[in-house]
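Colleague: Have a look at this one before I ask anything.
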Amino acid sequence: MTRELTQLQILRELEPVAEQNLNRHLSMAKEWHPHDYVPWDQGRNFAAMGGEDWDPSQSNLSEIAKIAMITNLLTEDNLPSYHREIAENFSQDGAWGTWVGRWTAEENRHGIVMRDYLVVTRGVDPVALEEARMIHMTNGVASPDDWGGFLENVAYVTFQELATRISHRNTGRVCNDPIADRMLQRISADENLHMIFYRTMCAAGLDLVPDQALEAITKVLTHFVMPGHGMPNFRRNGVMMAKHGIYDLRQHLEEVVQPVLKNWNIFERNDFGARGEIAREQLAAYVEKLEGDVLKFEEQRDKLLAREAARGQLQPA
Ligand SMILES: [Fe+2]
Ligand SMILES: [Fe+2]
């Protein structure tokens, strides 16, 4: 007979683990300053202060680098919505409250440094960026269905932090600027530590209430959408990012889903009851389907890229 606990009981039971995990995080996290990652000497005034407004010719970023930077920055900008979700589901008491505050402060740094970089280097149109931020933040978080409770939230953020880490890291590569690459590597290192905190908490949830936790994990994974869901052009930009290997289905499967499930030992554990076993079967079917989808996606992508390359060759030199 497996246990069934309320939200409040789970939070109370796991608080000592949260405290341990918080202390571990604080000992691992490196202090860093956004201003050290921005090439201020590339900056100059805009027209309102006697200079020149943005023009596409000023940007050194490729189209795909622009799209990836904007998508990742708008995701970071939406922090108040994520803060609300986490604060509601993790509570504000004791170690939970300290974590929520600390995590929020660390995340805020990501938006600060990326915006400073993009505005100073004139990498993207600052007016369009501001308009998109207004729309995205006004919409708030578009969480799929109504994910409620600690377990679903902690499962979602585990996968989301890892996905964000990969997306930032690969965006750094396509920027073709060592300064951007260094900045995004710095952010990725933060996302990795966040992921470890959430993954550890979710593992503790699995040990405490295996069936409840696996049901939450299965629900979250089978409904997974990236956090930028709801921002202007999200679908089109997501397709572009997948096409250029910044965040695609294989990365989602092999660098996010599988390593985390392996870390939790999902397919080898023997502490599930009947409900957990059903969830585990659903999860196994989902992973299998994803493996097929990866191959289909790559086949289509290869064809598309080949067609684009052929078209490029036909253009007059
Ligand atoms: Fe972040
Ligand atoms: Fe993060």
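Please read every residue number as a count from 1 along the shown chain.
From the backbone N, Cα and C atoms, a Cβ is placed for every residue, glycine too.
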Colleague: Select one of GLU4, GLU191, GLU215, GLU254: the residue that TrEMBL places in the Fe cation 1 site alongside GLU76, GLU107, HIS110.
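Modeller: Within the candidate list, TrEMBL flags GLU191.
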Colleague: Please identify which of GLU63, GLU152, GLU161 is recorded by TrEMBL as part of the Fe cation 2 site containing GLU107, GLU191, HIS194.
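Modeller: Only hit among GLU63, GLU152, GLU161 in TrEMBL's Fe cation 2 site, alongside GLU107, GLU191, HIS194: GLU161.
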Colleague: Could you tell me which three-state DSSP class HIS194 (Fe cation 2 binding site) falls into?
Modeller: helix
Colleague: Between the Cα atoms of GLU107 (Fe cation 1 binding site) and HIS194 (Fe cation 2 binding site), find the distance and write it as a whole number of Å.
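Modeller: A Cα-Cα distance of 9 Å.
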Colleague: Determine, to the nearest whole angstrom, how far the Cα atom of GLU191 (Fe cation 1 binding site) is from the Cα atom of GLU161 (Fe cation 2 binding site).
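Modeller: Cα of GLU191 (Fe cation 1 binding site) to Cα of GLU161 (Fe cation 2 binding site) measures 5 Å after rounding.
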Colleague: Which residue among the binding-site residues HIS110, HIS194 has the fewest other Cβ atoms within 10 Å of its Cβ, if you could check?
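Modeller: Comparing Cβ neighbour counts within 10 Å for the binding-site residues HIS110, HIS194 gives HIS194.
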Colleague: Which binding-site residues among HIS110, GLU161, HIS194 have CB under 6 Å of ligand 1?
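Modeller: So the answer is HIS110.
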Colleague: In angstrom units, rounded to an integer, how far apart are the Cα atoms of HIS194 (Fe cation 2 binding site) and GLU76 (Fe cation 1 binding site)?
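Modeller: With the alpha carbons as reference points, the distance is 14 Å.
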